[in-house]
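Features reported for this protein in TrEMBL:
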TRANSMEM  A:12-32  transmembrane segment
TRANSMEM  A:44-66  transmembrane segment
TRANSMEM  A:87-108  transmembrane segment
TRANSMEM  A:114-133  transmembrane segment
TRANSMEM  A:140-160  transmembrane segment
TRANSMEM  A:191-208  transmembrane segment
TRANSMEM  A:220-240  transmembrane segment
TRANSMEM  A:260-285  transmembrane segment
TRANSMEM  A:297-315  transmembrane segment
TRANSMEM  A:327-347  transmembrane segment
Amino acid sequence: MHPEAKVTKQVSPFFAFFIVTVMQVGVGIFTLPRTMIVDAGHDGWIAIVFSAVLVSIIIRIIYAMLNKGDTIITIQNKVFGKTLGSFISLFWVFYYSLFVLITLVAYVEILNVWIFPEVSLWVLYLICMLLAYNYTTSGFRAIIGGSLLAVLFVLPFLFFSHLPQGQLHFGSLFPIFDHSLHEMWLSTKTMTFQFLGFEILLMAYPFIKQAPRSHKWAQIGLVFSMIIYLIAFILPVIYFHERHLLTIIWPTLTLWKMEYIGMSIWLLVLLPNMAFGLWSASRVVKQTFNLSQRHSLRGVTLVIFGCALLFTTRIEIQSLSAFTNRLGFYTIFIYIPILFLLQALIIKRRRL
Amino acid sequence: MVTGCSPQSHYIEDIQYLQAMGFDYIDGEVQANGTTTIFMPVAESLPQSETINVSREDLEDLYSHMQAESSRYVDTSRSRVHLFHQDLAANEGIFGVIDTIQRNPMINQNLKIAMTRGPTKDILNEEYPFHLTVHEYLVELIELNQAEQLPIVDFQDFLYQYYAEGADPFLPLLEKAQNRVDVVGIALFKEDKYIEELSLDKTHVFRKLIDETEEGTINIDIDESRGFALHHLSSSPDWTIKQDADGIYVKVNVNIQGPLREARNINVSKPATIQQLEELAARDFEKQMEEIVHFFQENEIDPIGIGERIGQKVRNFDIKRWEKEEYPNLNVDINVNFTIENTGAVV
């Protein structure tokens, strides 16, 4: 029943790299050093690596699942039946939209504090959402193109950081593993939020040519984001004192030599990021309810814009990201493996 | 509608850049002074300076009160130097001001900070020969002296040491002379309060314990008629911390090398003499360094950051307790290796 994606709309397998990277390295990188240091302190980098290993396993599971199904929607319909499957698909609309919302809100908050204190929030929300909407209407391949540009041109800007000789305290990284396993686990949980976004693959899979071959590229994308996160974590840790770092909301920005330019250019990373989210959310609606994707996209965009207006203070934004964090964690590490097992069971039973 | 949404714009000719700030403590009240620069729209004209003084108890609306003194838009993003009066640092502490600066993303965080003996107002109001503006003069003064004899410390270093449990901050100490400003040493802090000062000679030795240095001069007198001096000394400290059953053992190896530039009544052509001089210089440094460490221990401050260094080596180390109970009696093993690289252009 699902519409087979046309070859003209597909992309080569290695673009899975850009999908994964651009989705993972989003707006979270600016707060990453502080959130990681809360529990695991200077050992946060271990949590980053550990978290990446866990996510790598999940990506493997997702590919194993998609190789036998096509998108998360068809899999759910097969496993739970049409009615319940469609109902659960609604969750994915919510899930993808939530990620667009948190990116939008977190980015606009930075813009508001650092660059445009005089501009009211809704103006910034409107500009970002309009751009993301335009991006999405140009189609999947256009978003892929955008993410390629973002990875190649924008991420290198991160290297223009303050690295004054004599002010880097490499000793701050020692002693290694000075925190309890429990603290490490808490940090690993926090870190998974940063690695989320690759779930777009659950919808984008049919749009990749010879999709099973793109698994390798998705894993390379994960390793690439992990390296970027490691750099983004270690630099502030050796520059600021740990107790000082805890008080800085966006350490990456404070350390960045070109924070004003960089922050504006960062929109180029976030646009494909949000566009992928919008695209997936509207795609789920289309596949489940046979609505035109253009209409559902408009609906989703409007709802996200409306919700964004409700978030104005730091505490609200923090609780939103904490909620997203928890939801993402359970979806990825509990729901996806269970779905995978159920799918395997059903396929086995059919063969018998 | 578009103009209504766009942020305020400012033209460079209309902006008064706040570039050097000073905080005084007069009759129990904080007084802030700012030196501003105005770029004149006339071609080939030099930027002009003006000093604004405001006395405010709370620093939060300091900038709006600065604005009230000027007809032009006062821009804080380009400030380069912040000075603190000794009385303020000793009575109230300076973290209040520092925190306001770090909280404001519109202020460049790449700042120099220093403490002054007299009121900062006197320093900021003076005109200095050969220099266009006061802030340039102060920045260059501090930067050059940090290359030559002061330990390198700026805004970020102060914050690092302030937040660190096992280290205490220090700042360059400035004093106003006729029409110039002198660097007289460093001011030592406990948390954010000024405690003691270290003279320039001792500062010179002190920085060899914490920084890798490239420049510097040392003069050693053997007796009244004989002595020698060395220039361009480069040095690097190497801290070793070991934990065994008896407790924590702290050792520092300092390697110093440099060329001999001055020898008064000494024949330096013999290698044996050079060796003797090296030995002499090494013992001299060791003695001075030990004195400095004892001086810190007596005052219960740790500008070297020994506690911090131990914390990076020893697991589950309670820095706070250690600084209180064991630091004052800690025995630091200081060892200096001195190498005279050459004797200059003559034998």
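Just so you know, glycine gets a Cβ as well, placed from its N, Cα and C.
Against the transmembrane segment (A:220-240), stretch A:191-208 has more CB pairs under 8 A than any other of A:87-108, A:140-160, A:191-208, A:260-285, A:327-347. Counting C-beta pairs under 8 angstroms (sequence separation of 6 or more), the transmembrane segment (A:140-160) reaches the transmembrane segment (A:260-285) with 3 or more such pairs. The stretch in closest packing with the transmembrane segment (A:260-285), judged by the count of Cβ pairs under 8 Å and taken from A:44-66, A:87-108, A:191-208, A:297-315, A:327-347, is A:87-108. Relative to the transmembrane segment (A:191-208), the listed stretch A:44-66 leads the set A:44-66, A:87-108, A:114-133, A:297-315, A:327-347 in CB pairs under 8 A. Contact check: the transmembrane segment (A:87-108) against the transmembrane segment (A:114-133) gives at least three Cβ pairs closer than 8 Å, residues 6 or more apart, which meets the contact criterion.
Long-range contacts of the transmembrane segment (A:44-66) within the same chain, counting only residues at least 6 positions beyond its ends with a Cβ under 8 Å from a Cβ of the stretch, are 20, 33, 36-37, 75, 173, 176-177, 184, 187-188, 190-192, 194-195, 198-199, 201-202, 205, 211-212, 215, 218-219, 222-223, 225-226, 229-230, 233-234, 237, 332-333, 336-337, 339-340, 343.
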